[in-house]
Amino acid sequence: MEDAYARSVSEVLDFFGVDPTKGLSDSQVVHHSRLYGRNVLPEEKRTPFWKLVLKQFDDLLVKILIVAAIVSFVLALANGETGLTAFLEPFVILLILAANAAVGVITETNAEKALEELRAYQANIATVLRNGCFSILPATELVPGDIVEVTVGCKIPADLRMIEMSSNTFRVDQAILTGESCSVEKDVDCTLTTNAVYQDKKNILFSGTDVVAGRGRAVVIGVGSNTAMGSIHDSMLQTDDEATPLKKKLDEFGSFLAKVIAGICVLVWVVNIGHFSDPSHGGFFKGAIHYFKIAVALAVAAIPEGLPAVVTTCLALGTKKMARLNAIVRSLPSVETLGCTTVICSDKTGTLTTNMMSVSKICVVQSAEHGPMINEFTVSGTTYAPEGTVFDSNGMQLDLPAQSPCLHHLAMCSSLCNDSILQYNPDKDSYEKIGESTEVALRVLAEKVGLPGFDSMPSALNMLSKHERASYCNHYWENQFKKVYVLEFTRDRKMMSVLCSHKQMDVMFSKGAPESIIARCNKILCNGDGSVVPLTAAGRAELESRFYSFGDETLRCLALAFKTVPHGQQTISYDNENDLTFIGLVGMLDPPREEVRDAMLACMTAGIRVIVVTGDNKSTAESLCRKIGAFDNLVDFSGMSYTASEFERLPAVQQTLALRRMTLFSRVEPSHKRMLVEALQKQNEVVAMTGDGVNDAPALKKADIGIAMGSGTAVAKSASDMVLADDNFASIVAAVAEGRAIYNNTKQFIRYMISSNIGEVVCIFVAAVLGIPDTLAPVQLLWVNLVTDGLPATAIGFNKQDSDVMKAKPRKVGEAVVTGWLFFRYLVIGVYVGLATVAGFIWWFVYSDGGPKLTYSELMNFETCALRETTYPCSIFEDRHPSTVAMTVLVVVEMFNALNNLSENQSLLVITPRSNLWLVGSIILTMLLHVLILYVHPLAVLFSVTPLSWAEWTAVLYLSFPVIIIDELLKFLSRNTGMRFRFRLRKADLLPKDRRDK
């Protein structure tokens, strides 16, 4: 029943055909169960394991590698090759792909926990009226039409419509659903508001929320998916994970690379058609097969097999850095997404604020001799911890606040006129509330004021354990005074009173709305000397002025008073709530976190816009935004603050314009948060969404990066990409800075691997065009790509963060990983790497003292060796020395190139290798591994290599070192943009323009 909130009680009961005094009959229960379904959230249909596995191979580069492995395997069989080396290449490729698939399957298997944990917010049992009798049943057996009894402390088992109240007031904490910082009062009256949001439905109790005060009965109007919690569940089912910017760019690069690889492979094969019939191949067909193998080797060389593993490893290392900043990353790709975040949609309650109501101001009458002289105190501390101090109007700390008469009586009244509990939770190492937030705030105030008559009170309190300290002062007052009778809060009186007995004196303490309390007072307690004087009209007007000023600061204001009553009185009535003595006013709020203002400023400096999203009313939220600097100190912020209903009423064009300026979005429901994220994403914004409640989960999952609070619900955490362990909004800023640094390092090692692969492609291509023997075997290329490239590339991820990383604007989502000028730079480096490798191969044949010292012509016509008379054996072309020299040149030149990647533009003389000792260590380890395969015989056989002489190592160094000089020249040109010889590829990147300029 969707409009139950707008129907009267009798209409709702008639709709379900239920008698409120008897409940449903057994036959009605069976009928309603068939009609409406069970009160459970349906489980999402799980993806079969085999589909998850196949999904991991749905990538163009992966498919190319699979084809390369299959072709390599078939060719080995066709040529009759045997032994481990014949099948090593396809085996290694498939092993890599299997490992990547395993990681992907594990990640996706863990991604569905949010939906399971949402069920934790469903109540387990319910007190239900059926067949005229109350019974306790599992909540899953509830059906629409059931009459349910609800009382303080119970969790609402389904969506209910209030039909009867057994107490003067009934309040529910529905923060997990709406984000409201205070509990909400409920009643049985129908709501006539059109397009009512959850906050407007004052007669509806939502599934999963908690009753904090009162007792009543309600009728079930929605179960399972047809509840507010169920709609959140459905939203999460409908949310697909978006690819991160880096994933998108790597996918684009993979597509581009695949096309280039295919083109080069075909070109190499076509260029060598004339060599198919060379006698050395044994026929045209076998020649075609030979050059097809070269094309396959080229594909293996061109594809950076280690790139997925290196990206994953670098992001994983980044998560460890972020964990030290209290940002726990649940989704690896979200690490780099932080770097291009342009908008943070921040939940207000519990994220920007502490979600702990606390008293921040106290107003008392100091004296009344010449008219009322008001004195204001401020109170520090923004949590439920009984830690904080009281300051006078001059900012001076009060050492013993309880010695002030008014503060002394405020503490008594706050403690005794109170039904809440403040306790310490050792498991969470935090103080927690049971009951109303406002009442707990008064309990905490009583602890901060302390007790009178003890000069050593502050130090004595500090010596207590946290468990004892939680309510030490409150317990003192409760032991001094015995509660005799309580007049509960009602909406018409707007106050609560409690009768207490103390030795030979009975006192009635009252608290409530200032206008109600002040109207019932005729005397004032003066803080100066503790005297009680009459309350004059001038004094009344001054007090009213003060509580209105508290309201302007959006403080929730309460007034406290007391009255001495005849000793032995056992009850009090509403008639006794007159002739009260005014004690003071307290102003409380859900305070902003102390570090939020600086964090907001840092976000603005970094070009990141913050939109505050809350279920609270507009004026309260606007006040918070002013305090944290979200409005950038503007007096007029029209066009920057909207309620959900105001925004929805705007035409589409104005909504688009409003999104560009919006800073505050108030009175929202979960669907509005998700809608906001989607609308911003349509404007090409990269959106981070923070939150801690169940109500935030759909938006957290939809956002480019969802950020949950560490103290938030399990649902929010599981739907998020990152969790802030310390609930500190400021940690987001540190995480963004680290995310930007990680992305910069990711670009560096991607460029490093690309330039290395370009070198390998150039090597094979040049060798094929020149017609010389195979320079490198496929297994050698795999070794270089996976081991000798992978280790330094991973270490590049440890490059230090730039000092100005948070002064730059967010990078554009469409920014290419490799832009025009940079592609040119790494193309130059890659070409040199390839030519140096080929040069090393040729050097051994032509110039090395250990080689045959052939002429260029003899080397390029090696296929005809058997047909001519030579001074050297034809078996020389199968010698492992030249390919070993070439492979070693490739490895060493790439180690020098790794040093080039310490910085994109800074010289090695400025940013020295000492700045990243991990990289130095990885280079040393790589060289040790390379030496290992050269000088350990079984490994040398496996990789078709042989030990090198000192002269050969010297040649390797001569051919490798110039890569440092070349890159230093290119860096110099980058730093001096006017000296690039007008080389401009930024507007015409080698990647498709429509992909780069989105």
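Think of each number as a place in line: the chain as shown, counted from 1.
Using the three backbone atoms N, Cα and C, a Cβ is placed for every residue, glycine included.
Keep in mind it's a predicted model, so treat the numbers as computed, not measured.
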Ca(2+) 1 site partner of ASN757, GLU760, THR788, ASP789 (as recorded in Swiss-Prot), chosen from GLU648, GLU669, GLU878, GLU894: GLU894
Check: PHE73 and SER944 same membrane side, Swiss-Prot record: yes
Whole-number mean of pLDDT values that fall within the topological domain 'Cytoplasmic' (972-998): 50
Positions on the same chain near the transmembrane segment (951-971), where near means CB under 8 A and six or more residues out: 825, 828-829, 832-833, 836, 839-840, 843-844, 848-850, 881, 885, 888-889, 892-893, 895-897, 899-900, 903-908
Cβ contacts the transmembrane segment (747-766)/the transmembrane segment (884-903), at least three under 8 Å, sequence gap 6 or more: yes
Minimum Cα separation from ASP789 (Ca(2+) 2 binding site), reported as the residue among recorded positions ASP347, ASP696, GLU894 that achieves it: GLU894
Among ASP692, ASP696, which are binding-site residues, the residue with the most C-beta atoms within 10 angstroms of its C-beta: ASP696
DSSP state at ASP347 (active site, 4-aspartylphosphate intermediate), helix/strand/coil: strand
Beyond the flanks of the topological domain 'Lumenal' (936-950) by at least 6 residues, Cβ under 8 Å: 84-85, 88, 777, 779-780, 783, 850, 880-881, 883-885, 887-888, 956
Residues from the same chain, set at least six apart from the ends of the topological domain 'Lumenal' (767-776), whose C-beta lies under 8 A from its own: 268, 271-272, 275, 291, 294, 297-298, 301, 760, 784, 837-838, 841-842, 859-863, 877, 882-883, 886-887, 890
Which of ASN757, ASN785, the listed binding-site residues, has fewest other Cβ atoms within 10 Å: ASN785
Cβ neighbours of THR788 (Ca(2+) 1 binding site) where a neighbour is any other Cβ within 10 Å: 26
Contact set, same chain, for the topological domain 'Lumenal' (841-883): CB under 8 Å, 6 or more residues outside the stretch: 275, 278-281, 767, 770-777, 780, 940, 944-946, 948-949, 951-952, 955, 959
